[in-house]
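Data first, discussion second: the structure below is written as structure tokens.
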Amino acid sequence: MSLSNKLSITDLALTGKRVLIRVDFNSPIQDGKITNPARINAALPTIKYALDNGASKVILMSHLGRPDGKAISKYSLKPVASELEKLLKKPVFFLHDCVGPDIEKAVLEAPEGAVVLLENLRFHIEEEGSAKNEEGKKIKADPSKVTQFREQLTRLGDVYVNDAFGTAHRAHSSMVGIKLPRRASGFLVKKELDYFAKALENPERPFLAILGGAKVSDKIQLIENMLDKVNCLVIGGGMAFTFKKTMQNVAIGNSLFDKPGSEKVAGIVEKAKKNNVEIVFPVDYVVGDKFDANANHKIVTDDEGVPDGWMGLDVGPKSNELFREAVLKAKTILWNGPPGVFEFPAFAKGSKVLLDATVEAVQKGATVIVGGGDTATVVANHDAEEKLSHVSTGGGASLELLEGKTLPGVAELSNK
């Protein structure tokens, strides 16, 4: 799947068209009010572009939370409509459902240039294709009803725009089932695709991937795929201990050890050698006597090892220096996973040093792309989003792209 040849909203003629946009308005709500409108803000450029370019109506659809195929009022998108009205400075027509004759009629009757927000897609089991029942058992949707649901959604628009990168790895009805002739990315999805194409299809070299995370076995596909693309790999986080113990018999105390992952280590090291990829591992650690913000802590080296009863919770000063050097040598940097338990201040320094190095690299002309999830949280904690080239909005979606998988929501977009 090429990421760089998909239709974008700017390739579409929108005049007089009903523009059906899949957005990601999955926002935190407290007492009926949106507590963080970041995702709503992020969709505004696409919505405004459609309005400014002659769309007859803009119809927005989204999920919120996990209502498991039932209409549950606390998961209603109604509070989002109020927030969106404030941000757009124009009325938003909120509909009580997302499909059905009443909804089709309401969309047709909405005034010219209207913004219409449909109710939560996941109030219907047909959006995800399955749900959990009261006993927590998975139940599947009736395939004929899924087809009907998709056809009903399709009837609401003339052109389809997907601006929900965070769910692009899910083959949900609103992502893959809307068979309008022209299906394009919105600005958010386009930015994601442009940056990931830059890294995965045509990187400026040297190309460095920084990987963290707890288990080798969780990241094995990611590591394998990266070894075919990068010049250098930095491995931090809990999974570094599985490598160190397996390869060099370093004492790791009570640090994370991933037995199934350890069986993959030799193959990874062999492949790196064959592909001429340098792997940079930590050589010292900040260890704690318990997994706790208030743990006693000290620095140990590979030679000393992690004492019994202690665990490695961050990388140490020598490792910070090695990681920084690797970052400053690279021209394209992909960062997925912090090197330590950044939530605890005593074990957050490795993440901050790495962040500072990536910011410095950008200032020197490198491209830095941050995969979503924990790494994006590190960046946000230090208000550094604007200082890096791109911080992905999709944790799961960006991980699957980096693993070399096809994203269903992207594959469904029309080619140029």
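Using the three backbone atoms N, Cα and C, a Cβ is placed for every residue, glycine included.
Annotation source Swiss-Prot lists (2R)-3-phosphoglycerate binding site at Val23, Asp24, Phe25, Asn26, Arg39, Ser62, His63, Gly65, Arg66, Leu121, Arg122, His169, Arg170, citing similarity to another entry. DSSP gives Val23 ((2R)-3-phosphoglycerate binding site) a coil state; it is part of no helix or strand. Spatially close to Val23 ((2R)-3-phosphoglycerate binding site) yet at least six residues away along the chain are Arg39, Ala43, Thr46, Ile47, Leu60, Met61, Ser62, Asp163, Ala164, Gly186, judged by Cβ distances under 8 angstroms.
According to DSSP, Phe342 (ADP binding site) is assigned to coil rather than to any helix or strand. Other Cβ atoms within 10 Å of the Cβ of Phe342 (ADP binding site) number 24 in total over all chains. What Swiss-Prot records for Gly213, Gly237, Phe342 is ADP binding site.
Residues annotated as CDP binding site in Swiss-Prot: Gly213, Asp218, Gly237, Gly337, Phe342. Under DSSP, Gly237 (ADP binding site) is assigned to coil, being neither helix nor strand in the three-state scheme. Other Cβ atoms within 10 Å of the Cβ of Gly237 (ADP binding site), summed over all protein chains shown, number 27.
The feature Mg(2+) binding site is assigned by Swiss-Prot to Ala214, Asp218, Asp374, with similarity to another entry given as support. Counting Cβ atoms from all protein chains shown, Asp218 (CDP binding site) has 14 others lying within 10 Å of its own Cβ. Look at Asp218 (CDP binding site): DSSP puts it in a helix.
Residues annotated as ATP binding site in Swiss-Prot: Ala214, Lys219, Gly238, Gly312, Glu343, Asp374, Thr375. Counting every protein chain shown, 28 other Cβ atoms lie within 10 Å of the Cβ of Thr375 (ATP binding site).
According to Swiss-Prot, the AMP binding site annotation covers Ala214, Lys215, Lys219, Gly238, Gly312, Glu343, on the basis of similarity to another entry.
Counting neighbouring Cβ atoms within 10 Å of each of the binding-site residues (His63, Arg66, Arg170, Lys215, Lys219), the lowest count belongs to Arg66.
Among the binding-site residues listed (Arg66, Arg122, Gly337, Asp374, Thr375), Gly337 has its Cα nearest to the Cα of Gly213 (ADP binding site). Straight-line distance linking the Cα atoms of Arg170 ((2R)-3-phosphoglycerate binding site) and Gly312 (ATP binding site), rounded to a whole number, equals 35 Å. Residue pairs drawn from Val23, Asp24, Phe25, Asn26, Arg39, Ser62, His63, Gly65, Arg66, Leu121, Arg122, His169, Arg170, the listed (2R)-3-phosphoglycerate binders, are separated by up to 18 Å at the Cα level.
Each residue contributes its Cα atom, and for Phe342 (ADP binding site) and Asp218 (CDP binding site) those atoms are 20 Å apart. Only Gly337, of the binding-site residues Arg122, Asp218, Lys219, Gly237, Gly337, have a C-alpha within 10 angstroms of the C-alpha of Asp374 (Mg(2+) binding site).
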